[in-house]
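As structure tokens, the structure follows; a few thoughts come after it.
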Amino acid sequence: MTAMLNVKDLRAYYGQVQALHGLSFSLNEGSLTTLLGANGAGKTTTLRAICNMVRSTGAIEFEGKPIGTRSTENVVRLGIAHVPQGRGTFTNMTVEENLQLGAISRSDKNAIGADIERMYEHFPVLKQRYTQQAGTLSGGEQQMLAVARALMLRPRLMLLDEPSFGLAPLIVRDLFRILGKINREEKVTILVVEQNAQLALELADQAYVIETGRIVMSGNAKDIANNEDVRKSYLGY
Amino acid sequence: MELFANQVLAGIATGAIYACMALAVVMIYQAIDHLNFAQGEMAMFSTFVSWQLMQWGVPYWGAFVLTVAFSFAAGIVIERLLFKPLAKAPILTNVAGFIALYAIINSVAGLIWDFTIKQYPTPFGSSPFLGSQLISTHQAGMIGITLLMLALLFFFFRFTRVGLAMRAAASLPESARLVGINTSWMIALGWGMASAIGSIAGMMIAPVVFLEPNMMLGVLIYGFAAAVLGGLTSPFGAVMGGFLVGIFENLVGTYIPGVGNELKLPIALALIIVVLVVKPAGLFGRAIVKRV
């Protein structure tokens, strides 16, 4: 397997404050990887640095191309979809317009309609509400919409920032099941940042653990789940 | 009753112009969260350009189309040169930028075309509209052009991909970038469109107020009043606000003794203050709730 995303010695800054202290990791094509860590460890910052939404140094390569100096929109246009923390839903637009926006940078306009239909198959609840303002959806529905919007890009890589945040456990299970399906069926490489370590480790095949801006552990998700320290710190048993 | 109907219709006609200015103001406000104080001067300059073209022998509608195109391009150039560098600057820096732009355009127009008042033609004539004494053909034309422009804008924002991208960039810039929208260019496009809309307002009102470098000052204040009344976050509100302010201005001037033409402008300013105190979001705007 070849590495699709290669991150080397990533350092990120908010003003004078350094949030990442030389982070290195890579994602294999087709993998589903999770990045675990406590509050403030730098998980969100890592995702934001990949999309150049925060000042950073280091080398980020996507499919062999350095992307560190590209603007956010140009990183996205390479096929990297980012579902941000808080979902970033266009709340005053309809569900369908949100999906249209996900595909706004694509040039194959004729295929967009069919893709929207495909999203309705993945997420039937969105179909019932397609003319509704996205802001009127429940939290879980909005998260589904955010994932669907990201998929409308036909991404090669999808970055998800705490998709389980604020959702009921049953909805989280449903969402993670769909993510696994997308990873297998649509061949989308996924990097998911999570605080819900247990679920994330069940879903993922690779895992990284990050503490105060550094990777402290990496490997197969099952091995990580069985690791004594991880169990104590993140799984609570 | 005839007088009342007459004043309401005349109010709708001038209200159409206020609606255009308010719409231009709201478009830029949506994109960059600042009021463009130079919007009126940009419209005035555009109107002078159309006048100059006509002086050179270009027919009215040719000059009209060329001017709208010129204004669109000029709006983009102004944003790229002046306000893109100020995008992250504090609010007062932006305000200073707008005032500088106001003064520069005003003086340059005076320098090129001097400050004497000029006649400006109307393509609609000024005979009674459909034989009725209530409004003139020019006033009817102003209303018609405004409604046509609004319909086109509605279609653009509702049904085109670029329109959707512009709305997305204005409402949530970060999310817009994350779907691959170049938000910086969407702002420039917004400036171009606002400038083009303003130029139409200028060319429509010029036959009424006559052409001179300060012609848009009053119009812009009414435009601001309209935008505030309708809600700075709502293009539809801005347009409704424009018509309401136009009617209000005319009725007050007619029926309240002592309010002649001289006192009409303070009434617009008073309206701005009253709306900001009583209902800051305006009639159609959304109150901005910030989560803390």
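Yeah, the Cβs are placed from backbone N, Cα and C, and that goes for glycine too.
Taken straight from TrEMBL:
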TRANSMEM  B:12-32  transmembrane segment
TRANSMEM  B:60-83  transmembrane segment
TRANSMEM  B:95-115  transmembrane segment
TRANSMEM  B:135-157  transmembrane segment
TRANSMEM  B:185-209  transmembrane segment
TRANSMEM  B:265-289  transmembrane segment
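By the count of Cβ pairs under 8 Å, the stretch nearest in packing to the transmembrane segment (B:185-209) among B:60-83, B:95-115, B:135-157 is B:60-83.
Just going by CB pairs under 8 A, the stretch in B:12-32, B:60-83, B:265-289 that sits most against the transmembrane segment (B:135-157) is B:12-32.
Tertiary proximity for the transmembrane segment (B:12-32) is limited to same-chain residues at least six positions away from its ends with a CB under 8 Å from its CB atoms, namely 39-40, 43, 83, 87, 94, 135, 139-140, 142-143, 145-147, 149-150, 153, 169-170, 186-187, 190-191, 193-195, 197-198, 200-201, 204-205, 208, 216, 219-220, 222-227, 230, 232-235, 237-247, 249-250.
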